[in-house]
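Q: Copied straight from TrEMBL:
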DOMAIN    A:68-258  domain 'ABC transmembrane type-1'
TRANSMEM  A:9-30  transmembrane segment
TRANSMEM  A:72-92  transmembrane segment
TRANSMEM  A:104-124  transmembrane segment
TRANSMEM  A:136-159  transmembrane segment
TRANSMEM  A:180-202  transmembrane segment
TRANSMEM  A:241-263  transmembrane segment
Amino acid sequence: MRQRAWSRLLLYVICIFMSLFFLMPVYVMLVTSVKPLDEVTLADMWKLPTTFDWSSYQTAFAKLAPNFWNSVYLVVPATLLSAMLGALNGYVLSKWKFKGADTIFTLILFGMFIPYQSILIPLIQFLREIGLYNTIPGLIFVHVVYGIPITTLMFRNFYAAIPDEMIESAKIDGAGFLRIFRYIMLPLSITGFVVVAIWQFTNIWNEFLFAVTITTSAQQPIMVALQNLSGSQIVQWNVQMAGALLAALPTLLVYIFLGKYFVRGLLAGSVKG
Amino acid sequence: METVKTVSERSVTVVPAPRKKRKWTVDHWLAAAFLTPSVVLIFIFVYGFIGWTGYVSLSNWNSLVPDLSFAGLKNYIYLFHDFRFQADLRNTLVFTILFIGVVIVLGQLLAILLDQKLRGESIFRNIFFFPMALSFVVTGVVWQWLLNPSTGVNLFLKKFGLDSKWYTDTTILGGFHLGNIEFGVPVAIVAVVIAAVWQMTGFAVAMYLAGLRAIPEEVREAARMDGATELQIYRKIIIPLLRPITVSVIIIMAHISLKIFDLIYAMTGPGANFVTDVPGVYMFETTFRGNYYANGAAIAMIMLLSVAIFIVPYLISSRKGGS
C-alpha cells in the first residue's frame with residue numbers, strides 16, 4: 001500500500017508540473033498586461049507587477065476595438081447560417097438517404113481537410129467579381145461555404161443517434177419532410193445546435209488565413225489586427241499581451257462556461273459515426 | 001415535445017415494418033432539393049476551385065496581370081530547385097514528425113493520468129484543454145515572447161547553465177548537403193513545435209480520454225483476476241486498444257501540421273535562412289505579397305497533394321468501416 005501512495009503522489013506531481021506548463025503563457029500574459037511601462041523589462045518578465053496599471057488595456061482596446069466589432073459582425077451571422085445549413089444537410093444525409101448519399105457525404109467531407117491555400121486564388125478572383133472582396137459579408141459567405149463539411153458531419157452524426165423508427169412512424173402518421181424536421185428533429189437538436197454553434201464560433205473567431213487575404217485594414221477581423229499589432233516593433237509588450245488577451249477573451253469565455261459542449265464538438269468532428 | 005413522445009411510444013409497439021422497397025415520393029425530392037445548394041457550393045468552391053488553382057499553377061501568371069498561357073510544369077520545376085521551397089519541405093517533414101510524436105506520447109500519458117480518478121481531475125482536464133479554444137495567432141504572439149532568447153523561459157534555464165537561442169537559432173542538427181540546402185533538424189523548429197504542442201495536445205487528450213472511457217471495466221477486472229499489475233494492464237491491454245484512436249490522432253494532427261500557417265506567421269515568420277519557413281507561409285508571401293500567383297498556386301497544389309495522401313485513404317476506409 002505504501003508503494004501505491006507513492007505512485008499516487010507521483011501522478012499528482014506530473015499533473016501539476018504539466019499544468020504549470022499549460023498555464024505558464026496565461027500567467028505571463030496576465031502579469032505583463034497589467035504592468036506599467038517601466039516595469040516591462042526583459043529581466044523582470046516573470047515578476048508580479050508592483051502596481052496595477054490598466055492603461056495597456058486602454059491602448060490595446062483603442063487599437064483593436066473596430067476589428068473586434070468586425071469579428072462580431074462576421075462570426076454571429078456566419079455561425080447561425082452554417083449551423084442551419086449543417087442541420088438540413090445532416091438531416092437529409094442521415095434520415096433521407098438515397099443511393100449515392102454516402103458518396104456525396106464523403107465528397108463533402110473532403111472539403112474540411114483541404115489546405116485553403118488551394119482554393120484561395122480563385123476564391124479571391126470570384127469575390128472580386130461579385131463585389132464581395134474586402135467586405136464582412138464576403139467573409140461570412142466564405143465561412144458558411146467552407147463550414148458546410150464540418151457542420152454537416154456534426155449534425156449527421158448527431159441525427160444518426162435519433163432512431164429511424166421515430167421518423168418511420170411519423171411518416172405513417174402522414175408527416176412529410178419538413179414537418180418531421182420542424183416537429184421532431186429540431187426540438188431534439190438543441191444540444192446539436194449548441195455544439196455546432198460553439199465550434200463554428202470558436203473556429204471563425206480564431207481564423208486567420210481567409211481574414212488576412214480577403215480583407216484589408218478597416219474591414220479586418222480581430223486576429224489580423226492582433227497580428228499587425230504584434231508585428232509592429234514600436235508596440236510595447238504589455239500592450240501586445242493585453243491585445244492578445246482581449247482577442248482571446250470571447251472564445252475563452254465560451255470555453256469556460258460551455259467547455260463541455262466544446263469538447264463534444266471536437267469529438268464529433270474527429271471521430272466519424 | 002408532446003408529438004415526439006407519442007410518436008416514439010407508438011414506434012415501440014408497432015411491429016418492425018418489413019423492409020419495403022422505398023419509392024421516391026415528393027418528400028424525397030424535397031430532401032434532395034434541400035441538399036442540392038450545399039452540394040453545388042462544395043463542387044464549385046472546393047473541387048472547381050482546386051481545379052482552377054491547378055490550372056493557374058500550370059500557367060505563366062507571375063505578376064499582377066493575369067497571364068493564363070500554358071507554362072507546363074515550369075513553376076513546379078522552379079520550386080523544387082528553389083532554396084526556400086527545399087527548406088520548407090525539410091521543415092515541414094521535421095515539424096510534422098516531432099509535433100505528431102510529442103502529441104501522441106503526451107496526449108496518451110495525460111489521458112491515462114486523468115483516467116486514474118485523481119482528485120481535481122476536472123481542473124487538470126480544463127487546464128490541458130483550454131489552449132484549444134485559442135487562436136494560433138494568440139498562441140504565436142505569446143510564445144514568441146516566452147521563447148524570446150533574451151527573456152522568457154531562458155531566464156529560468158540560465159540558472160541551470162542552459163541558454164537556448166530558440167527560434168533564432170540557425171543551426172541544422174545532423175546536417176548534410178541535399179539539393180541546395182542543408183538537410184537535417186533545424187533547431188529553430190523546436191520552438192514552434194513547443195507552441196503547437198501546447199495548443200493541440202488537449203485535442204489528443206480528449207480523444208484518448210473518450211477512448212479510455214469506452215473500454216469496459218470488465219476488461220481490466222479480468223486482467224486483474226489473472227494477476228496482471230496495473231502497469232501490465234496498460235502496456236499489454238489498454239494501450240493496444242487505443243491504437244485506432246492513435247490513427248485518428250495522426251491523421252488529424254498531420255493535416256493540421258502540413259497546412260500550418262498562422263502559428264508560424266505570427267510567431268517567427270520565415271526565419272533567417274528560412275529555418276522556420278513552411279509552404280503555407282511561402283505560399284502566402286509569394287502570392288499575396290510578391291504577386292507570383294502561378295508559383296503560389298503550385299505550392300498550394302503540393303500542399304493539397306500532401307494532405308490528400310493522408311486524408312483520402314482515411315475517408316474511404318472510415319466510410320467502409322462506418323454504417
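Placement of Cβ uses the backbone N, Cα and C atoms for every residue, glycine included.
I'd like these features described in context: how deep, what's nearby, how far apart.
A: Remote same-chain residues near the transmembrane segment (A:9-30) are listed as 45-46, 241, 244-245 (criterion: CB distance under 8 Å, separation of at least six residues from the stretch ends).
Remote same-chain residues near the transmembrane segment (A:72-92) are listed as 101, 108, 136, 139-140, 143-144, 147-148, 150-159, 181, 185-186, 189, 192-193, 196-197, 200-201, 204-205, 221 (criterion: CB distance under 8 Å, separation of at least six residues from the stretch ends).
Residues of the same chain lying 6 or more positions beyond the ends of the transmembrane segment (A:136-159) and with a Cβ under 8 Å from any Cβ of it are 70, 73-74, 77-78, 81-83, 85-87, 89-91, 93-95, 105, 108-112, 116, 123, 127, 185, 189, 191-192, 195-196, 199-200, 203-204, 207, 210-211, 214-215, 219, 221, 265, 268-269, 272-273.
Sequence-distant neighbours of the transmembrane segment (A:180-202) (same chain, 6+ residues past either end, Cβ-Cβ under 8 Å): 75, 78-80, 82-83, 86-88, 90-91, 95, 143, 147, 150-151, 154-155, 158-159, 162, 166-167, 170-171, 250-251, 254-255, 258, 261-262, 264-266, 268-269.
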